[in-house]
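Below is one structure, written out as structure tokens; comments come after it.
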Amino acid sequence: RLSSEPSPSSDAPCCSVCARVSVCVYIAAGGKSATAPPPYTSPASGDKPPAELALPGDPGLKPAGPTPSQSRFQVDLVAEAAAASPEDECASGKRAEKEAAAATPASGQEQAAGGEEAKGRFRVVNFMDPGGAGSPPDAVPAEGFQNGDTVMSEGSLHSSTGGQHHYHYDTHTNTYYLRTFGHNTIDAVPNIDFYRQTAAPFAEKLIRPTLSELHDELDKEPFEDGFANGDELTPAEEAAAKEAVEPKGVIKFGWIKGVLVRCMLNIWGVMLFIRMSWIVGQAGIGFSCVIVLMSMVVTTITGLSTSAIATNGFVRGGGAYYLISRSLGPEFGGSIGLIFAFANAVAVAMYVVGFAETVVELLKDADAIMLDEINDVRIIGVLTIVLLLGISVAGMEWEAKAQIFLLVILITAIFNYFIGTFISVEAKEPKGFLGYKAEIFLENIGPDFRGETFFSVFAIFFPAATGILAGANISGDLLDPQVAIPRGTLLAILITGLVYLGVAVTAGSCIVRDATGNSNDTISSQFQNCTDAACKLGYDFSSCKVTSDCKYGLQNDFQVMTMVSGFGPLITAGVFSATLSSALASLVSAPKVFQALCKDNIYPGLSFFAKGYGKNNEPLRGYVLTFIIGVAFILIAQLNAIAPIISNFFLASYALINFSVFHASLANSPGWRPSFKYYNMWVSLGGAVLCCVVMFVINWWAALLTNVIVLALYIYVSYKKPDVNWGSSTQALTYHQALTHSLQLSGVEDHIKNFRPQCLVMTGYPNSRPALLNLVHAFTKNVGLMICGHVRTTSRRPNFKELANEQIRYQRWLLKNETKAFYNPVFAEDLRQGTQCLLQAAGLGRLKPNTLVIGFKNNWQNGDMKDVETYVNMIHDAFDFQYGVVVLRLKEGLDVSHIQGQDELLSSQEKSSGMKDIVVSIDMSKDSDGDSSKPSSKATNKSPTLPLNMADQKLLEASQQFQKKQGKGTVDVWWLFDDGGLTLLIPYLLTNKKRWKECKIRVFIGGKINRIDHDRRAMATLLSKFRIDFSDITVLGDINTKPKKKNVAAFEEMIEPYKLREDDMEQEAAEKLKADEPWRITDNELELYKAKTNRQIRLNELLKEHSSTANLIVMSMPLARKGAVSSALYMSWFETLSKDLPPILLVRGNHQSVLTFYS
């Protein structure tokens, strides 16, 4: 508050010390400030900050965050985590006393006044600036600083709270709370906590002050609860918030232990030791290197794409599923997440069976088979998976230790092989190992395919290169996923790729393709016919090519690496290590991915598996499920059929990760800002295509099956439409395309062939006039634009925030009811002004309405005639704006909002947590369908619905009639006047829809009695040229016949109250009455339009005669010249023409052609 009087104790200008009361705002959240004030260096010795002072009379510590009885901007003492030393406390206390003494005294009256004024909204506290941060305590600045709605002087301020000082010291930034650039204001400077989607650890979610809190008047209470507008957490975010508040002792991994180790163990599989040498024998060194490099290209591109997605924002648990779902949306994410988790679960069985088979081979060599080979594999497999499950359930730390141990064995085995290649042992030579020789290298450089092709060999090798997502799959357990995933994944691809290349080159350089294993097969001096490398080195293995029964060499011996290595058993240990580590990684990945999928509730039946246990939120239920799947496939023990599908599932995930990057880049969303820059959208697209190609190369039927499964799950999730919004690139691209196409449309002139009825429907609240909404939706759905206009009139000041919230809620209601329309509410002084706003501003570019649709004002004779004047002027305004006009009349009425329960907006699931559980009764005078929809101020509590009276029962039934199938009825088109063809186009569009498909169009036209056949033929020719089917054409030759006297008398009786009767009064009085009540009907007007009046009466007679059983009547609307026909007479025409009839649409286009017979 500003004081106009200077301080008595200061020589400074009045504004320098005029701020007597400081408004202090503190957003409590775990000791973090809502502002980031300028740095302050504590004068206390050491680095410890002074503790907050516990002062006498202080009510004690209060919990952080807002409570129902407490504004979120009230100030409370905050407990700091670390207490200061007694010396620091003393120092702080002395500084506080000095500050208080040096502070400028103020008059008690000003203090009291300022305190009372501030108490309405904020609790008033004193800011003490220890050490005189910014300026000495005794220095009073020459000029005060204004900021927002508060002003403070740079000197210390007195408090009006009875001398109790509240110190708010931030140990994180070494500043006092809310010192924004030296000012005391509730406006907050940028803070990372404002941008978090979940609560900070150990605290409430921090939120910046809302615009209302900064902008609204002080006499209002701009905030009622602790959340800013729109910041209520969704259930998914609440779960994430709980997850964020983690207890101490949570295990998080760095990039080496978390990503690099896991990826290397998963990529180095059994293939390295058992199949790599065979691949070299088949494809040769050259093609083997090509195969490895091709695989590396696919995995590297995928690694780059993974890195880009992982660095585009905070990554939670869920690995590949999380990355894909947050990029491409729940449809792709949900389908891939399920098959990826399943693939990992089955991969556990695959790796365990690989391990068990190796063990059984050893048992067979030792002649220690238990039952038979297959059952032994099953027994050992089940025992192994039980052991792995125990390690996994024991916790991530134990699992990580096991992985490190297995990696050490694996690396030792690899070094053992490389060292062995340099050690020549004569006993190994007959088995094909002859050491590094140029002759062997040259012979093995080319391919020697025996029953295989390049692509079949590639298909066998490629699964060895997968496993690059092993680190990403435990993204929730990484210390910093944004750094760990790119660094660990790409380095793992490089290291493992180099090892594979090294094995290919070394094996091909020192081992021949065929060897007998017989030491006697040396070359004797008399035989010099052989030309292969072995011959040149003194061995004759030519018999292998004749008999094809040799057991040694690259082509024949899968255990070549064991034979070559320095110590054979180490290679066996390496095989064990490779299989067990891959199995362990898959056993951990599958439940983690599955848990993330279940948490998002994309498949409602799977939510049981979302629950986590312990400090690390371990998915124990997921572990059990993975264990069951693994055991089932181990017992089958025939994994050759399932293995290709597993590879294809992984490849489908890779393809979608690559496509995600391309899609996000293409959408050009401002939210796509990965910190990892080494990616390219076209390279990612190439990677996605490569992955798809590789899928078909590996196994075409498995690729087809994978695509069918992904497509089926995609369709299921799309159909279910899970209520999630992750800001996916699909949304961004949809917006981008909509914007681009809208701009393109704006550059193209309208053409008759492309005309669509684009309707502005004055529905009020969309659920208050269901018949109007449903009928218009029937002929605009998938054809034209539909905007539900709503004019809100209020005697109070407009609440624009409420209007915005209603716009969101009713738009959601339309979507929920599968109505393809937009809801557009406006505030206006009256219905006409609001409609004018909508007629001018609704729509965008070419997507603008061209037809105004309103309900007939059934109660016009009972209400205020000013409303009738407004209603009729609304129609005139539409014609002025070159709109077509459509008026719908149901004899029962249209508006159902007064019926209890009909105005319930949202189902209980959709209500936000802040909404009160009430139904707002839209209490309107019945059928005032001019759309002023004034909600009453009362709110009625939910109660059992009262029985409806007969009129309301009929109204409810009538309001739902357009939702039903219409059956074999008729749509009668009374095309009396040519308005450009809109009167004919609307029924044509209507009868194309499923509900109206069986209805026939009957056309009625005016004509002369002596030309009836001619007029019928002319109309039939026109309709056939328009290619519009009709069942009958009726020419009415008796339209101009005088109506029945009783009907004319009824019309006279209806208009009697609205006549001006100017002949019965003086001219001046008549003119004054007409000026005050322009809706009155003059005698001159009645005489002038007598023929037109009689035509409306006669048409009603004909309508009752011909169309009383029609499902819908579509009729040319009578026009009234503006300024010549009074509102009462015009409404009387409407009333007379359309009373006591089936549903009738009065249509008048803007007299521009909307139909053409030219191609």
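Yeah, the Cβs are placed from backbone N, Cα and C, and that goes for glycine too.
TrEMBL annotations:
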COMPBIAS  91-100  compositional bias 'Basic and acidic residues'
DOMAIN    170-223  domain 'Amino acid permease N-terminal'
DOMAIN    258-760  domain 'Amino acid permease/ SLC12A'
DOMAIN    769-1159  domain 'SLC12A transporter C-terminal'
REGION    32-72  region 'Disordered'
REGION    84-118  region 'Disordered'
REGION    925-946  region 'Disordered'
TRANSMEM  255-274  transmembrane segment
TRANSMEM  286-315  transmembrane segment
TRANSMEM  335-356  transmembrane segment
TRANSMEM  377-396  transmembrane segment
TRANSMEM  402-425  transmembrane segment
TRANSMEM  454-476  transmembrane segment
TRANSMEM  488-512  transmembrane segment
TRANSMEM  620-639  transmembrane segment
TRANSMEM  645-666  transmembrane segment
TRANSMEM  678-696  transmembrane segment
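Beyond the ends of the transmembrane segment (402-425), by six or more residues, the same chain brings 257, 261-262, 264-265, 268, 272-273, 391, 433-436, 499, 502-503, 506-507, 510, 561, 564-567, 570-571, 573-578, 580-581, 584-585 to within a C-beta distance below 8 angstroms of the stretch.
When Cβ distances are compared across the two stretches, the transmembrane segment (678-696) makes no contact with the transmembrane segment (488-512), since fewer than 3 pairs at least 6 residues apart fall below 8 angstroms. Within the same chain, residues 269-270, 318-321, 324-325, 376-378, 380-381, 384-385, 388, 473, 575-576, 579-580, 582-583, 586-587, 589-591, 593-594, 596-597, 602-603, 625-626, 629-634, 637, 639, 642-643, 645-646, 649-650, 652-653, 656, 706, 709-714, 716-717 sit at least 6 positions outside the transmembrane segment (335-356) and bring their C-beta atoms closer than 8 Å to a C-beta of that stretch. If you average pLDDT over the domain 'Amino acid permease/ SLC12A' (258-760) in this model, you get 84. The listed stretches are 377-396, 454-476, 488-512, 620-639, 645-666; of these, 454-476 has the most Cβ pairs under 8 Å to the transmembrane segment (286-315).
Using a cut-off of 8 Å between Cβ atoms, the transmembrane segment (645-666) and the transmembrane segment (454-476) share at least three residue pairs, counting only pairs 6 or more apart in sequence. For the transmembrane segment (620-639), the list of distant contacts is 342, 344-346, 348-350, 352-353, 356, 374, 377-378, 381-382, 385, 389, 392-393, 587, 590-592, 594-595, 598, 608-609, 611-613: same-chain residues at least six beyond its ends, Cβ to Cβ under 8 Å.
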